[in-house]
Each structure stands twice: as structure tokens, then as C-alpha cells.
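Trainee: Sending over a structure as C-alpha cells; questions will come in a sec.
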Amino acid sequence: MSAEAAPKHGLILAVNAGSSSLKISLFRKDGASPENPHDVVDLLLTSTITNISQPPASFSFSLASHAEGREAKKEPVKEIKDHASAFQHFLDYLKREASIDRSEIVHICHRVVHGGDYFEPVIITDESYHYIERLSDLAPLHNGGALSVMKACIAELPNANSIAYFDTSFHRTMPQHIAMYAIRQDIAKKRGLKKYGFHGLSYAYILRAVSSFLGKDPSQTNLIVMHLGSGASMCAIQHGKSLDTTMGLTPVSGLPGATRSGAIDPSLIFHYTNRAGRISHDRSVAVDVHVTQAEEILNKRSGWAALTGTTDFGAIVREMKAVEARRARGEEVREEEGKWKVAFDLFLDRIVGYLGAYYVKLEGEVDALVFAGGIGERSVELREAVVEKVKCLGFALDEGANSEVDGKEGAVVDIGKLKDVRRVLVCRTDEQLEMAKECAMDAKFWQQD
């Protein structure tokens with residue numbers, strides 16, 4: 001399909017497909033005022049579907065105060081088996097329970113994790129669809145889900161433009177020597193082997209929100225941002241542009257995640273899979289490790305799930321604190337119960353390692369440390385531990401503010417002791433809102449006067 005300019009007050013649907021979840025927000029394009037130039041969309045509703053790969057899926061549907069309809073909170077839905085059926089359930093619910101005509105939806109914004117050489121949003125056509133499809137091997141946990149939702153959107157909402165927004169776009173400003181790997185460049189260029197970086201829509205939103213909070217122009221803002229969730233990454237932002245980020249060619253590099261290994265010695269995978277049961281270079285015990293097998297191990301069978309048996313970082317913190325409390329009372333603690341603290345400490349170590357490196361890359365000119373993502377926004381303990389580790393750099397935490405983040409309103413919450421320099425902030429990132437704003441402000445998608 002080709003792009004068609006839409007009526008100025010049409011609806012924008014923003015769709016964010018995770019590895020086992022689907023987050024959807026519906027906005028109406030609104031006119032920005034001189035006082036609030038970025039208030040270009042008005043939120044109508046949100047929907048979240050989780051546990052898609054581990055049925056029954058859980059469905060939630062929440063309306064803005066001025067919208068009418070029936071809300072849903074974590075309702076189990078047996079019919080949801082994949083991302084496409086999850087989106088179909090949303091559309092059915094929207095038609096049945098909300099006072100919104102889906103024919104008013106003129107643009108559908110899709111978060112796509114890996115965009116390869118696409119650096120700007122693109123209308124989904126046969127050509128762009130198949131290009132994104134070919135990149136699925138580089139983002140196996142996400143691109144596939146996004147593609148299945150695109151198909152469903154084109155089938156169910158044929159008069160709306162489906163537009164892909166890429167997580168990799170934000171990082172196109174990384175200097176060549178940072179994005180480059182020390183391998184033969186003729187092969188690297190031919191195969192696109194370089195650092196792309198991810199979570200770009202989140203970083204774009206955070207830059208916009210934090211620079212506004214600090215009263216600075218984005219082009220004058222330097223940040224170290226920690227997007228910490230089941231998929232975790234960090235980014236050094238210099239003068240409003242990505243200088244470096246922890247993820248690389250694929251999202252598996254950098255920080256560990258719920259099921260991702262993070263950065264490892266590249267040869268580890270061969271020793272991990274050999275038949276010797278130990279480190280060995282004996283060819284007789286070698287196993288042919290295909291890319292798909294290696295990525296399965298490093299993407300889906302690693303991370304803190306491999307260390308502890310759970311993907312829930314909140315549960316890891318609770319178990320760690322319970323074990324420490326028992327130890328403090330003089331009770332017996334089994335050696336295997338140390339796994340909770342080991343997983344926490346490993347994650348902490350990797351975070352502060354990158355944080356220190358980025359502080360040096362920014363030559364100490366850092367306006368704020370920013371915590372974001374599900375863990376970054378919710379884990380009081382991890383935020384406290386990180387800031388304690390980097391107090392030598394001049395950062396300090398307000399413990400009271402840190403413990404009360406959940407009760408604070410707004411996209412950005414200040415949890416630092418220092419209010420003029422070395423700020424420590426929490427940002428409630430919103431990738432759907434970022435896509436909707438970018439769509440609303442892009443003149444080529446809208447009819448002009």
C-alpha cells in the first residue's frame with residue numbers, strides 16, 4: 001500500500017509488540033499550542049496484553065477520563081495464541097465495548113526493533129515488509145511479533161497507513177569508530193555487521209522528557225540513560241544525540257536481561273555446547289553450532305532466568321532480601337540460596353561498568369543519570385545500589401524520594417540530593433507516545449490547509 005495523507009484530526013494507533021506482550025495506545029491528533037509545542041496528541045485509551053506465549057494471555061483495557069466504554073483489568077483470554085490473535089481481540093473489544101469508530105484510525109505506528117539501514121519511519125509496503133522480515137534473525141524476540149501485527153492491521157484496517165518506527169534509528173548518530181567492529185570491513189559492510197543499538201524510541205522519548213524537565217534544549221543535554229527491563233540497555237547521549245549504547249549488532253549484546261546473556265566472550269558458545277564437559281579445543285568433542293542454536297541459547301536460555309530460575313527481577317530482589325534477613329537473624333542459609341544476590345550483583349556490576357565508561361566518554365559533562373524501563377522505574381533497591389556505586393563521581397540519592405517514586409505524578413521524577421548538578425532522575429518512558437508524537441509532527445502524513 002502507498003501512503004495517503006490523512007485528515008488532520010484522524011486517530012493514531014501506536015502498537016508495541018514485545019516478545020510475549022502487546023501494548024497498544026490510541027491517540028487523537030491535536031493542535032499544539034505555543035506554550036506546549038510537543039502536546040500534539042491526545043490519549044484516548046491504552047490496552048496491554050501479556051503472557052501471549054504462555055497462555056492464558058492477560059488482557060487489560062483502560063480509557064482516558066473523557067472516553068466512554070467498559071474497562072478491563074488483567075482478564076484471562078484463552079483465544080489469544082499469538083500476537084495476531086491478540087491484536088484481533090483488541091479490535092473486537094474496541095468495537096464491542098468502546099464508543100470509538102475504528103474507521104477513524106488513519107495511521108498505525110508499529111515499533112520495530114531492528115531497522116537495518118532504514119533510519120526514518122517507512123510506510124509498510126511489500127518491499128519494506130520483506131526487508132524487515134529479513135532482519136528478524138537479528139532481533140528474534142521482537143521483529144516476528146511486529147510483522148504478524150502488521151499483517152493483521154493491513155487486513156483489518158486496510159484504509160489506514162501502517163508505518164514502521166525503528167528502535168535503531170536513534171543511534172544512527174554514533175561515530176563510525178564506535179559503531180564499527182574490529183573485523184574485515186569489506187565483509188562487515190557487505191553484511192551490515194556493525195553496532196546498531198536498540199531501545200531508540202525509548203531513548204528519544206526520555207531525551208525529550210528529561211530535557212524539558214531540566215529546562216534545556218535537547219541539543220544542549222548530556223545524559224547517561226539506563227533502560228532497565230527484561231531487555232536492558234544503556235545509552236550515552238551527548239548534545240542530544242546517541243554517542244554510544246550497550247546493545248550491538250543484535251539486542252543480545254551489552255547488559256544481561258531476563259533471558260539474554262549480555263556481552264560474553266564470543267568463543268564461549270562453542271565451549272558451552274561441546275561434548276567434553278569442560279573447556280576443550282579437541283575437535284573430536286566439537287559440535288557444529290548453528291546461528292539459530294547459538295541465538296536460542298544466548299537470547300532465550302540465559303540471563304537471570306538461567307541464574308535463578310525466574311525472569312521476574314522483582315522476585316529476585318524479594319528473595320535476596322529475605323535470605324539476607326534470615327542470615328542477619330543467625331538462621332541457616334543454604335549455599336544455593338546465594339543465587340539471588342549473585343544475580344543482583346552481576347546485573348549491578350554490568351550497569352556500573354558501562355556507566356563509568358560512558359561518564360568518561362562524556363568527559364564528565366553529565367546533566368543527569370536517568371533510570372527507565374520496568375525495572376529502572378520500579379526497583380528502589382537497584383537504583384539505590386547503582387547510585388551508591390557511583391557516588392565517587394559526585395552523584396547522590398535522596399533516599400526518601402527514591403522510595404516514593406510510585407506515588408509521584410509526571411513523566412520525570414527527581415530522586416537525587418543535588419538539584420543543580422549531577423541530577424538523578426526516573427523517567428516513565430512511553431514508546432507508544434513517542435511514535436504517536438513523531439507521526440503527528442510529520443507533515444507528509446497529514447493533509448495540509
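A Cβ is built for glycine as well, from the same backbone N, Cα and C atoms used for every other residue.
Keep in mind it's a predicted model, so treat the numbers as computed, not measured.
Feature list, courtesy of TrEMBL:
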ACT_SITE  Asp167  active site, proton donor/acceptor
BINDING   Asn16, Glu431  Mg(2+) binding site
BINDING   Lys23, His227, Leu228, Gly229, Ser230, Gly231  ATP binding site
BINDING   Arg111  substrate binding site
SITE      His199  site 'Transition state stabilizer'
SITE      Arg260  site 'Transition state stabilizer'
Trainee: For His199 (site 'Transition state stabilizer'), just count the other CB atoms lying within 10 A of its CB, please.
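Mentor: For His199 (site 'Transition state stabilizer'), the 10 Å Cβ neighbour count is 29.
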Trainee: In whole Å, how far is Arg260 (site 'Transition state stabilizer') from Leu228 (ATP binding site) when you measure between their Cα atoms?
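Mentor: Cα of Leu228 (ATP binding site) to Cα of Arg260 (site 'Transition state stabilizer') measures 13 Å after rounding.
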Trainee: Which has the fewest other Cβ atoms within 10 Å: Lys23, Arg111, His227, Arg260, the recorded positions listed?
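Mentor: Selected from the recorded positions Lys23, Arg111, His227, Arg260 on minimum Cβ neighbours within 10 Å: Lys23.
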Trainee: Which residue, of the binding-site residues Asn16, Ser230, has its CB surrounded by the fewest other CB atoms within 10 A?
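Mentor: Fewest other Cβ atoms within 10 Å, among the binding-site residues Asn16, Ser230, is found for Ser230.
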Trainee: Whole-number Å only: compute the distance from the Cα of His227 (ATP binding site) to the Cα of His199 (site 'Transition state stabilizer').
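Mentor: Their Cα atoms are separated by 8 Å.
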Trainee: Near Gly231 (ATP binding site), meaning Cα within 10 Å, which of Asn16, Arg111, Asp167, His199, Arg260, Glu431 (recorded positions)?
Mentor: His199, Arg260
Trainee: On a count of neighbouring CB atoms within 10 A, which of the binding-site residues Gly229, Gly231 is highest?
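Mentor: Within the set of binding-site residues, the most crowded position is Gly231.
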Trainee: Mind checking which of Asp167, Glu431 has the fewest other CB atoms within 10 A of its CB? They're the recorded positions.
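Mentor: So among Asp167, Glu431, the recorded positions given, the one with the fewest Cβ atoms within 10 Å is Glu431.
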Trainee: Could you tell me the C-alpha distance between Arg260 (site 'Transition state stabilizer') and Asp167 (active site, proton donor/acceptor) in angstrom, no decimals?
Mentor: 18
Trainee: Near the Cβ of Leu228 (ATP binding site), how many other Cβ atoms are there if near means within 10 Å?
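Mentor: Other Cβ atoms found within 10 Å: 26.
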Trainee: Quick one: which of these binding-site residues, Arg111, Gly229, Ser230, have their CA within 10 A of Glu431 (Mg(2+) binding site)?
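Mentor: So far as Cα distances go, the binding-site residues lying within 10 Å of Glu431 (Mg(2+) binding site) are Arg111.
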